[in-house]
Amino acid sequence: MAIHRNLAVKNRIQKQKLTPIIQQKQAALAEAKIKKITATNTNKNKDVSEFSRKLLHSTIGFIVLLIYSSNDAIIVRDNLLYMFSIVSLAEILRFLNKRFNEIYVKLFGFLMREREKTEKCNGVIFYLMGCISVLTLFPKDIAAISILILSWCDTAASFVGRRWGHYTYKFSNGKSLAGTLGAITVGLIAAYLFWGSGLLKHDPENASWIEEKSVLSLPSLTILTGIIGGVSELIDLWGLDDNLIIPLLTGIMLRILLLLNTK
């Protein structure tokens with residue numbers, strides 16, 4: 001009987017020693033599960049936000065095509081300037097007034113990255129700056145294709161890079177070869193739709209590229225425009241926003257290319 005009592009006491013003591021360890025393990029497992037669920041929800045929210053942003057980017061490309069066919073570039077630029085003024089004022093107000101920022105984020109947060117909600121300016125500011133800049137500095141057709149490159153190539157690079165970027169080479173700025181190839185491919189399509197499809201009405205007197213007067217054939221121009229789009233999306237200049245850099249670099253490179261190719 002004494003032996004059984006001793007064994008029972010020992011078992012009870014061992015259980016008392018093990019209980020805190022088991023509880024710690026259970027707590028750690030529960031915490032890890034909560035973190036995993038939280039991380040999954042955060043990633044889903046980021047994906048939804050990024051999809052919304054890129055959908056807006058792509059949609060603007062189609063709007064640009066419609067505007068190009070029916071309106072003067074200066075009218076388009078002036079309308080964008082009005083929009084830029086309104087968005088800039090809203091940005092100033094939301095950084096000065098916490099309550100205004102809460103309302104702003106509640107309304108437009110699905111189009112913003114996390115840092116833009118509290119620390120950075122909304123990317124729309126730079127998008128509008130990029131569009132206004134090319135419409136001011138370049139001929140109408142170069143400005144239009146530069147905005148298309150911004151709209152579609154950037155979206156393609158983001159989608160392809162997120163999906164297959166981990167299988168390919170990564171550049172020093174974090175972008176992937178897969179994303180760049182995606183941007184080049186979509187740039188080719190955009191260039192063909194713009195110059196070769198016949199869907200748009202170009203002004204022959206003010207066009208930067210006319211096949212009969214150009215050294216570059218349509219296939220050559222299409223390929224080079226795609227490459228320019230991919231390079232513009234890849235380059236990172238001083239940490240400036242892509243929405244500003246991509247259209248400006250595209251416009252500069254296309255302008256030089258088309259000035260040099262006249263017969």
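Keep in mind that glycine also has a Cβ here, set from the backbone N, Cα and C atoms.
Remember, TrEMBL labels are computer predictions, not curated facts.
Here TrEMBL flags 55-74 (among others) as transmembrane segment.
Same-chain residues lying 6+ beyond the ends of the transmembrane segment (80-96) with a Cβ under 8 Å from its Cβ atoms: 104-105, 121-122, 124-125, 128-129, 131-132, 135. Taken from TrEMBL, the feature transmembrane segment applies to 80-96 (among others).
Beyond the transmembrane segment (121-138), the same-chain residues lying 6 or more positions past its ends with a Cβ under 8 Å from any Cβ of the stretch are 53, 57, 60, 73-74, 76-77, 80-81, 83-84, 87-88, 91, 108, 111-113, 146-147, 150, 240-248, 250-251, 254-255. Sequence annotations record features per position, and here TrEMBL assigns transmembrane segment to 121-138 (among others).
Residues 50, 54, 57-58, 60-61, 64-65, 68, 73, 127, 130-131, 134, 138, 175-187, 189-191, 194-195, 225, 228-230, 232-234, 242-243, 246-248, 250-251, 254 of the same chain lie 6 or more positions beyond the ends of the transmembrane segment (144-165) yet place their CB under 8 Å from a CB of it. Look at TrEMBL and you will find 144-165 (among others) tagged as transmembrane segment.
For 177-195 (among others), the entry in TrEMBL reads transmembrane segment.
The transmembrane segment feature in TrEMBL is assigned to 244-262 (among others). Panel annotation: around the transmembrane segment (244-262), residues 126-127, 129-131, 133-134, 137-139, 142-143, 145-147, 149-150, 153-154, 208-209, 213-216, 224-225, 228-229, 231-233, 235-237 of the same chain, lying at least six beyond its termini, place a Cβ under 8 Å from a Cβ of the stretch.
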Chain residues in Cβ proximity to the transmembrane segment (177-195) (below 8 Å; excluding those fewer than six residues from its ends, i.e. six or more beyond): 61, 65, 141, 144-145, 148-149, 152-161, 163-165, 167-171, 202, 209, 218, 221-223, 225-230, 233-234
